Amino acid sequence: MTTTVDRQVKDSAQPNPTSHAKLAQWVEEVSALTKPDRVYWVDGSAEENARLTQELVDAGTLTPLNQETFPNSFAAFSDPSDVARVEEQTFICSVEERDAGFTNNWMDPVKMKAKLNGLFDGAMRGRTMYVIPFVMGSLDAAEPKFGVEITDSEYVVASMRIMAKIGTEVLRKMEETEAFFVPALHSVGAPLAQGQKDVAWPCNDDKWIVHFPEERSIVSFGSGYGGNALLGKKCFALRIASVMARDEGWLAEHMLILKLTSPENKPYHVAAAFPSACGKTNLALLDPTIKDWKVETLGDDIAWMRFGAQGELRAVNPEAGLFGVAPGTGWSTNPNAMRAIAKGNSIFTNVAMTDDGGVWWEGMTDETPEHLTDWKGQDWTPEANRPAAHPNSRFCTPIDQIDMLSDDYTDPEGVKIDAILFGGRRKTTVPLVTQARSWTSGVFMGSTLSSETTAAAAGQVGLVRRDPMAMLPFIGYDAGDYLNHWDRISAKADPEQLPQIFLVNWFRRTAEGGFAWPGFGENSRVLKWAIERLEGKAEAVETPIGFIPATGSLDLSGLELSEDELDEATRFDADEWRAELPGIEEWYELFGDSLPASLRTELDGLTQRLAR
Ligand code: GTP
Ligand code: SPV
Ligand code: MN
C-alpha cells in the first residue's frame, strides 16, 4: 500500500470507502500517479451536488440561472478550443492494429500507456480527485454494466450525475460481487502549482481520448467537454460496449428508442441511428402531427440491444440524461424537450445568456432577443454577424423530466424493437424513406450511410462522409468485423420478429435551397408509413434501392406541402444513385478483406439494378 491515498482518504470524512479490492487498488494507483491534493468519493446525493455546484459557481465555471425560469440550473462556458469531440485525438489501442480497423486511430497499447503515464504524472496537482462509481443501464439488470470514472473536474461530476446513475448505491452493489467495472480515468490536464489561480474552464491543448478494448478501460486527457470527458457516454456505452457486444453477441448502437402507439392501440418500438446532430433527440421527443398516433420516449442517443429468448430484438437506453444539441431546439420544433428543460436541474454549456439570467440559443424562440451575452461572454445584438450560442452548445437534463418518457424506460429487459431506421443529412440523392428488402440489404443501407459533417465534432462542417450505422466515430473495433457482426446477428432472431430496416433523410433540399420536407413533428408521417408497412397496409413501389411510398400511401392529411416539394422529398432518382456508386465502391475498398461478402453482393446487385 502506498501511503498517499490511504492517508488522504482517512483524513477526509470518508474512512475505508470501499471493500472492492480491485477498485481500492486502482484508486490508489491513480492517486499515486496523478498526485491530487485530496481524493473524494462521490456519493451522488443532492447535498453533495449542491456543494459541488456552489464550488463551481465560486470558481466561475458555472453561472447560476434565473431560479424562476430555470430552477437549480447553471450555464457553463468552455474554453473556445474545447467545444466538441476530438475525433483526430481519439484512439482505439487494441493489442493488434488490425483490430482497430481503418476507421480508428491506433497506437500500440504499451507505447500509449507510457505516453499517458507521462501526461498523468502529477496531472491532478492542486486539484481534488473525484471517484465516481456509475452504472450504465439498470442496477437491476442481470449483469449491471458498472464503470468508475476518476476525474479532477467538478463539472464532469455534476454532469455525470445527470447522465448516469452514480454514487454510493452503485458502489455498494458493485461490492456485493466484487463486480467487474470499466475503469475510466479523466483529467483536464491542468495541474495547479501552489498558489496558482485556476481558470474557469481548465483544459489542455494536448488532448487524448484513449480506449483499451481488451482491458475494457478508458483514459481521457486534456478536454472537459461532453463526449470527451463524460466517459460513461460515447467512450463506455458505445466504444467499449461495442467490443463487449461483439464478444457477447449483442449490439451497442448510436440510436434513439421510441414507442409508437397506433390508433388501434397497438404498441410498436422504433430504434433509429442518425449521426451526431442529425435529429435523434428531436425524433425521440416527437409530437406527432397525425391523428390518434402517440409517441413516447425511451432514449435519445444510445441503445443497447440483444435478442431475447423468443428471438425478439430488445433494446434499453443505458443513459439517465439528455446531452442535447441546443441550437434548433425550440418551442415550435421540440416543445417536449423545452418542457423537460424548463423543469430545471440542468447544465447548459456554451449557450448565450439573456439579460434576465436565462439562456438562449438560435432557434429556441421565434423572436430573437434584442440583447444577449454570447457564449464567449461578449455583448451580442441581432446585428452581430455571428451566432450567440456555439453551434454545438448543449443542454444536459435528467431524462425523467420528459413528460412523454415511456414507463418501460426503467425496465431492465427493455422493449421489443419492430423497426430500425438509418438516416443521415443529405441535400440530394437519398429519398425521405426507403424500406430495405431484407435484413442484409438493410445492413447494406446502414453500412453505406452518409451524412454531411456537423459541429458535434471538431473539423469542417458540411462535408459528405460515410458514417456506417451513424457509428463511424464510435465503433470500438474493426469496421468490417462490425458490419459482419450486424449481418450475422440476425441468425439469433425469430425470422417473424426480425425488425424491418428503413433508410430515411429529413434533409433533402429543393432547387431553391430550402428543406423539401418540413421535418420534426411531421416525421410522424414517415413513422406511420413504416409501421403500416409492417402491418402490410401501406403500398410501396419497388426501386433499385428498396421500397418507397406509393403515391397516396404517405399520410399527408393537414400538411401544407406542394406537389413539387413532396416529389423532391420522396423521389428516387436513378441518375443521382448512379453518381453515388463510385463513392460507395471507394468506401468499400477501404475495408479490404474484412468487408462481409454478403455486402459486396448487395453492392453488385444494386449496381446491376441501376444499370438496367
Ligand atoms: P447528437 O446529440 O449530437 O447525437 O445529435 P442528435 O442526433 O440527437 O440531433 P438533434 O435531434 O439534437 O438535432 C440536431 C439538429 O438538427 C438540431 O439543430 C435540430 O433542430 C435539427 N433537426 C432535427 N430534426 C430535424 C428535422 O426533421 N428537420 C430539420 N430540418 N432539422 C432537424
Ligand atoms: C454526439 O456527438 O453524438 C453527442 C454529443 O451525442 S457528445 O456527448 O459530445 O458525444
Ligand atoms: Mn450522439
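Placement of Cβ uses the backbone N, Cα and C atoms for every residue, glycine included.
TrEMBL annotations:
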ACT_SITE  CYS278  active site
BINDING   ARG85, TYR225, GLY226, GLY227, SER276, ASN392, SER393, ARG394  substrate binding site
BINDING   LYS234, HIS254, ASP301  Mn(2+) binding site
BINDING   ALA277, CYS278, GLY279, LYS280, THR281, ASN282, ARG394, ARG425, PHE520, GLY521, GLU522, ASN523  GTP binding site
COMPBIAS  1-19  compositional bias 'Polar residues'
DOMAIN    25-246  domain 'Phosphoenolpyruvate carboxykinase GTP-utilising N-terminal'
DOMAIN    250-609  domain 'Phosphoenolpyruvate carboxykinase C-terminal P-loop'
REGION    1-20  region 'Disordered'
Compute all pairwise C-alpha distances among ARG85, TYR225, GLY226, GLY227, SER276, ASN392, SER393, ARG394, the residues listed as binding substrate, and give the largest one in whole angstrom. 15
Which residues, sitting 6 or more apart from SER393 (substrate binding site) on the same chain, put a CB under 8 Å from its CB? VAL325, ALA326, PRO327, PHE348, THR349, ASN350, VAL351, TRP361, TRP375
Of these binding-site residues, GLY226, GLY227, which scores lowest on Cβ atoms within 10 Å? GLY226
HIS254 (Mn(2+) binding site): nearby recorded positions from GLY227, SER276, CYS278, ASN392, ARG394, GLU522, Cα cut-off 10 Å: SER276
Select the closest residue to PHE520 (GTP binding site) from the following recorded positions, measuring between CA atoms: ARG85, GLY227, LYS234, SER276, CYS278. CYS278
Taking only the binding-site residues THR281, ASP301, SER393, which have a CB closer than 6 angstroms to any atom that belongs to ligand 3? ASP301
Cβ density check for GLY279 (GTP binding site), other Cβ within 10 Å (all protein chains) comes to 23
I need the neighbours of the substrate site defined by ARG85, TYR225, GLY226, GLY227, SER276, ASN392, SER393, ARG394. Which other residues of that chain put their C-beta within 8 angstroms of the C-beta centroid, in sequence order? VAL83, ALA84, PHE323, THR349, ALA456
In Å, rounded, how far does the Cα of LYS234 (Mn(2+) binding site) sit from the Cα of GLY227 (substrate binding site)? 6
Measure the Cβ-based neighbour count of ASN392 (substrate binding site), defined as the other Cβ atoms within 10 Å of its Cβ. 24
LYS234 (Mn(2+) binding site) CB neighbourhood, other CB atoms within 10 A: 26
Would you mind sorting out which binding-site residues among THR281, ASN392, ARG394 put a C-beta under 6 angstroms from ligand 1? THR281
Shell list (Mn(2+); ref centroid = CB of LYS234, HIS254, ASP301; cutoff 8 A): GLY227, LYS233, ALA237, LEU238, SER276, ILE302, PHE474
Spatially, and counting Cα to Cα, which of the recorded positions is closest to ASP301 (Mn(2+) binding site)? Options: ARG85, CYS278, THR281, GLU522. THR281
When DSSP is mapped onto helix/strand/coil, what comes out for ARG85 (substrate binding site)? strand
